[in-house]
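The block underneath contains the structure these notes are about, expressed in structure tokens.
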């Protein structure tokens, strides 16, 4: 039986490129090499594409993907050279220039099927402010928030925040993930400092009401038919689940399935599917919720390319539902091919 080529794109230009490498290494080990051969391309911080490795069987435990330390800029290729007939691309890229619709548009221009959400849903879901506004219309509950756009009146934005929200608040770049650039503010001085920090990553800033809540996550898989997982809970040993805690210090554990009432579980799964459809989602996503002591549910964000390491919540949620990591990859390839065929048919 001939194998299908699975092209892994990893690295990227965003601050989340290190997470991308970890995710891609997990994917390359989980692939069913009876069905696929894998070709990998590293995207450097400057945006160059470099062909790195090929795998026809499961790599050894000590084999790592090539990164900035092991590739040479002279090996850069034209981005369009990744094209291969009958291949499917898995863009294991996080953050701006990865899951914001940019790479998705590029792959559609090349007429390459790819894993994950399309251009529109990727770009909308990447922007936390746009996501908030769309989900408001869809009737999905969220915490109160204000917005600051660089160039607007900062004093007016601070005053609005002080009027509408109470401390603590969380200040977030609108277009970053993995908690990059996010900080907690306990007073006006910290609020201003947090805005300054967030502006280093984006010109659009979201300021959210802090809530005392459990963090519960639901996995999503599908195109027109949307499947969801039982929720899992992030159990933290730190006050704020930031980038350092998530990927460097390993100060979190996960409770799968989450210990929540059946009615809460059912409602979260319904909200996750509703949000996914409202944003035009396809392929996959992870929906993150807050659950307060009084039982209030708030959708925090919808992540269209969740972390894919072997210890990440998304694959673990599906494994709890009986779908192995390897089978998740197969299903995502099928869904990506299905969306490609649909896009092509709509052009006729």
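Cβ coordinates are placed from backbone N, Cα and C, and glycine is handled just like the others.
Feature annotation from Swiss-Prot assigns domain 'ATP-grasp' to 132-334.
For the recorded site, residue 169 (ATP binding site), the DSSP three-state label reads strand. The ATP binding site feature in Swiss-Prot is assigned to 162-217.
The secondary structure of residue 301 (Mg(2+) 1 binding site), as reduced to three states from DSSP, is extended strand. Residue 301 (Mg(2+) 1 binding site) is surrounded by 22 other CB atoms, counting those within 10 A of its CB over all protein chains shown. Under the heading Mg(2+) 1 binding site, Swiss-Prot lists 288, 301, citing sequence analysis as support.
For 301, 303, the entry in Swiss-Prot reads Mg(2+) 2 binding site.
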For residue 303 (Mg(2+) 2 binding site), the close binding-site residues (Cα within 10 Å) drawn from 169, 190, 197, 288 turn out to be 288
Same-chain residues at least 6 apart in sequence with Cβ under 8 Å of the Cβ of residue 211 (ATP binding site), in sequence order, are 143, 290, 292, 298
Quick note, residue 288 (Mg(2+) 1 binding site) and residue 176 (ATP binding site): C-alpha atoms separated, nearest Å, by 15
Closest by Cα to residue 301 (Mg(2+) 1 binding site), out of the binding-site residues 169, 190, 197, is 169
Taken over the domain 'ATP-grasp' (132-334), the predicted model's pLDDT averages 92
Across all protein chains shown, the one of the binding-site residues 183, 303 with the most other Cβ atoms within 10 Å of its Cβ is 303
